[in-house]
Amino acid sequence: MKVAVLGAAGGIGQALALLLKTQLPAGSHLSLYDIAPVTPGVAVDLSHIPTAVEIKGFAGEDPTPALVGADVVLISAGVARKPGMDRSDLFNINAGIVRNLIEKVAATCPTALVGIITNPVNTTVAIAAEVMKKAGVYDKNRLFGITTLDVIRSETFIAELKGLNVADVKVNVIGGHSGVTILPLLSQVEGATFTDEEVASLTTRIQNAGTEVVEAKAGGGSATLSMGQAACRFGLSLVRGLQGEANIVECAYVDGGSEHAEFFAQPVLLGKNGIEKVLPYGEVSAFEANARDSMLDTLKGDIKLGVDFVK
């Protein structure tokens, strides 16, 4: 099993690489790429950790050497949010970065499972899909926007609010990966009930949690460590699915034939071909149905931005 991390010298990339080095199955290969010259050194640093995961780092303009033979590619390259910026402010820089990297993925490892972390995810996933279509290698079952950070934040905040064991909290988060497009389905959480006020405040907190971190870091960065953990969880689920493990389900932003939008975050069953099955997200409350319907114009606009960028 070979996993490539593109953007491996950044805050998310280094956290993700550390977690993968310690958690990938024995015998795996971990390939780190970043434009920054420090990247081979990050790999050397991680190589001293005593796990049976081989690691190699690559720097420079061309990620191709890092991508050869990759089964899973996780892309965190790009600029991070600063105070006062929203995820769409990142579009101007990150759109081009994702396009260029996906062109190399399409040419080098077209059947790899690709997880996009680079924001704005609502748009960068659409860019990746269009680039792959142009290259004639698009498989909607192999492209994912990683929204797991919204899921782990939901799990954490629910457990804190209700005094639950966080390991027991399961919650689907649907829609997209920014602002109002993030919709945690709190009505489905087992073992917890919420007042209308709690639903409103918790939903808003989950939607704005990224900004909470950006402001707390006071110009020193965005959510890198929690995002690294979220990306590792999702990446390991992709690996487990590829290895044939049963019942691996994660929420992800995918081209899943949703009635709501071309790309939509929802639960998916993972397997040897990436998405084995897009799962229904179940019954929702009136609050959730209204929030879902009201986000769709925003989400569709984000998607169109990505499609138009490539065309």
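Yeah, the Cβs are placed from backbone N, Cα and C, and that goes for glycine too.
For the recorded site, HIS177 (active site, proton acceptor), the DSSP three-state label reads coil. HIS177 (active site, proton acceptor): 30 other CB atoms within 10 A of its CB, across all protein chains. The active site, proton acceptor feature in Swiss-Prot is assigned to HIS177.
In the three-state DSSP scheme, GLY7 (NAD(+) binding site) falls into the coil class. As annotated by Swiss-Prot, NAD(+) binding site applies to GLY7, ALA8, ALA9, GLY10, GLY11, ILE12, GLY13, ASP34, ASN94, ILE117, THR118, ASN119, MET227, with the evidence given as sequence analysis.
Counting only residues at least six positions away in the same chain, the Cβ atoms of ILE206, ALA209, SER226 sit under 8 Å from the Cβ of ARG153 (substrate binding site). Residues annotated as substrate binding site in Swiss-Prot, with sequence analysis given as evidence: ARG81, ARG87, ASN119, ARG153.
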For GLY13 (NAD(+) binding site), the number of other Cβ atoms found within 10 Å of its own Cβ: 28
Candidate nearest ARG81 (substrate binding site) in space, where candidates are the binding-site residues GLY7, ALA9, THR118, MET227 and distance is Cα-Cα: THR118
Recorded NAD(+) binding residues, GLY7, ALA8, ALA9, GLY10, GLY11, ILE12, GLY13, ASP34, ASN94, ILE117, THR118, ASN119, MET227 - maximal Cα separation rounded to whole Å: 18
